[in-house]
Amino acid sequence: MEKPPLPNDEDGSVLTESRSDTALVAADEEGSAGADGPEDDRPAWDSKLQYVLAQVGFSVGLGNVWRFPYLCHQNGGGAFMLLYVMLLLIIGVPLFFMELAAGQSIRQGSIGVWKHISPRLAGIGYSSCMVCFFVALYYNVIIAWSLFYMGNSFQYPLPWEQCPVDMISNQTVKECASSSPTSYFWFRKALDISDSIDQSGEFNPIMTGCLLAAWALVCLAMIKGIKSSAKVMYFSSVFPYAVLICFLIRGVMLDGAVEGIKYMFYPKLEIWGEVQVWRQAATQVFFALGLGYGSVIAYSSYNPVHNNCHRDAIMVSGINFMTSVLASLVVFVVLGFRAKNIALGCVAAMAGMATTGSSEHWWPWFNISDPESVTLQDYREWYSHYGSLLGSNITDCDLEREMSKGVEGTGLAFIAFTEAMALFPASPFWSTLFFLMLLNLGLSTMFGTMQGILTPLMDNFRVLGRHKTMLTVCSCILGFFIGLLFTQRSGNYFVTMFDDYSATLPLIIVVVFETFSVAWIYGADRFLDDVEVMLHWRPPVIYRYLWKYVCLLGMVGLLAASLLRMVFKRPTYTAWNHTTHYGGVCMFTSFVSILFIHSLLL
């Protein structure tokens, strides 16, 4: 097929300069010099299983456990899943395949890949590195939190099961009594949080130690590059699935599990007409596959040239989606159990109160002599008839309201889920399993994130490539010291701001430039020609139209929606005292990443 002409720059020169006449695929028999020597010197995966586990470990992260279930139940349950699958197929898989093929063919990190297409596009790779660095800073703090909770799980009863007693007044601590034991332990014992981001306070010594341990784990696992991290992947990528299956088997036997599953999957097709739901589904697809970080490119660059990356793209995307569904089932059977316990406790209390001063006209028909025997359905039916005639001290014990509390992010993992596990028999065992799972999910994602930083730097700078171990150690030390920002008493606010604002916009812009570079600057047909040489068969022609139009327009639409959201909804965070504050620090991190693209394209 004839290669399309390449667009010219303002001065009339071809944008890709001398590289425009060279094929994208590296010469497999003769080797590709690259920036770091011959191809034979480049590390390689010991087996295909290692590579698949690495890609799955990077793409399947904490978001699958605490973000996807929340989005699913907030946006129409089964209807959201259908929308997610559709966007995964027409946008996620094609872009994932594009990154896999680019990394595998050029056998470079993100900087080298885009510089190979055109030296003027190197800024895309540098931006990916910067975003990876920002994400690594706060992501390892979440791993530190998991270490702290896992360490506190080796005691019975669990320290967040009950409110502590004030030693002076011999009464329950008021701050705990007004919230819950799990919330109090999280905000006061674990974080010792301040009232706002401006009140930084002193460093939290325990969390600082946990952060040091987290960075030490990452450093030790990556000190020999993929040779060492790949061996860790055998455990860190597989263990979370064993834990999820154990939780699912245990969870379906709990009272309230069916209610939890119904609440999550009940379809609401009308949500398809809301732009916000499309934006959230597209964003989740985008982040679930790890697009734009450069980690997918880095991992695939260690593959044999003729590896079937098309099959890998479909397989990893499918595993990612099924993991999200599995995690959603686990989350909602456990939250259903928690909500049912809270609602039944409310029923017992309210049923007892309802007998006091009740008129015979609305006297409860259930057994008032034994409030604990009253079912939730009977109580709510009675309340629906006579609730308006009762005093304000008697309330509706709403199961759905309890299901909606704390089902996203840290609120799910460190408050709602810990509260539910405290009700389990042998609760320390289940708590240890859960936080060990979070630790492994976080570590496998951190390995990929760090690889997205180290591989491009080592490929692009010879001196760094010759001192790989030193680069890894120094990067981890630097990450620890900057990460001390998050171990202050106000650190959780910074984590929230970084998570919400530091990566989303830069990554979307990065992927827009990636797609435009491959589809229009290099040429979609030409890219397919090179993939055909690499795979010995030509991918379906539909990818040409998906890359050139559907993916590009979809990502531009997501960029526009994200910018509008940022304009109309200023960056905020919610403090421990439930007040809302404005924060602009993470807007700075977004613009730093974007600046690399802008400056290096001039």
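Each Cβ is built from the backbone N, Cα and C atoms, and glycine gets one as well.
What TrEMBL says about this protein:
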{"type": "REGION", "residues": "1-20", "note": "region 'Disordered'"}
{"type": "BINDING", "residues": "GLY57, VAL60, ASN64, LEU441", "note": "Na(+) 1 binding site"}
{"type": "TRANSMEM", "residues": "81-102", "note": "transmembrane segment"}
{"type": "TRANSMEM", "residues": "123-148", "note": "transmembrane segment"}
{"type": "TRANSMEM", "residues": "206-226", "note": "transmembrane segment"}
{"type": "TRANSMEM", "residues": "238-261", "note": "transmembrane segment"}
{"type": "TRANSMEM", "residues": "281-302", "note": "transmembrane segment"}
{"type": "TRANSMEM", "residues": "314-335", "note": "transmembrane segment"}
{"type": "BINDING", "residues": "ASN320", "note": "Na(+) 2 binding site"}
{"type": "TRANSMEM", "residues": "429-448", "note": "transmembrane segment"}
{"type": "TRANSMEM", "residues": "469-487", "note": "transmembrane segment"}
{"type": "TRANSMEM", "residues": "507-524", "note": "transmembrane segment"}
{"type": "TRANSMEM", "residues": "545-568", "note": "transmembrane segment"}
{"type": "TRANSMEM", "residues": "580-601", "note": "transmembrane segment"}
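Shown on the structure are the features that TrEMBL records.
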{"residue": "GLY57", "record": "Na(+) 1 binding site", "CB count, 10 Å": "27"}
{"residue": "VAL60", "record": "Na(+) 1 binding site", "CB count, 10 Å": "27"}
{"residue": "ASN64", "record": "Na(+) 1 binding site", "CB count, 10 Å": "26"}
{"residue": "ASN320", "record": "Na(+) 2 binding site", "CB count, 10 Å": "23"}
{"residue": "LEU441", "record": "Na(+) 1 binding site", "CB count, 10 Å": "29"}
For ASN320 (Na(+) 2 binding site), the one of GLY57, VAL60, ASN64, LEU441 that lies nearest, given that the binding-site residues are compared by Cα: VAL60
The transmembrane segment (81-102) vs the transmembrane segment (206-226): 3 or more CB pairs under 8 Å: no
Beyond the flanks of the transmembrane segment (238-261) by at least 6 residues, Cβ under 8 Å: 53, 60, 323, 326-327, 329-330, 332-341, 399, 403, 424, 430, 433-434, 436-437, 440-441
Remaining residues near the recorded Na(+) 1 site, that is with C-beta within 8 Å of the centroid of the site residues GLY57, VAL60, ASN64, LEU441: VAL56, PHE58, SER59, GLY61, LEU62, VAL65, SER237, PRO240, THR323, SER444, THR445
Of 206-226, 314-335, 429-448, 507-524, whichever stretch has the most CB pairs under 8 A to the transmembrane segment (123-148): 206-226
Closest-packing stretch to the transmembrane segment (206-226), where packing means Cβ pairs under 8 Å, from 314-335, 429-448, 507-524: 429-448
Chain residues outside the transmembrane segment (429-448) and at least six past its termini with a C-beta under 8 angstroms from it: 54-55, 57-62, 64-65, 136, 139-140, 142-143, 146-147, 149-150, 153-154, 158, 217-218, 221-222, 229, 232-233, 235-237, 239-240, 243-244, 246-247, 250, 290, 293, 295-296, 298-299, 413, 417-418, 421-422
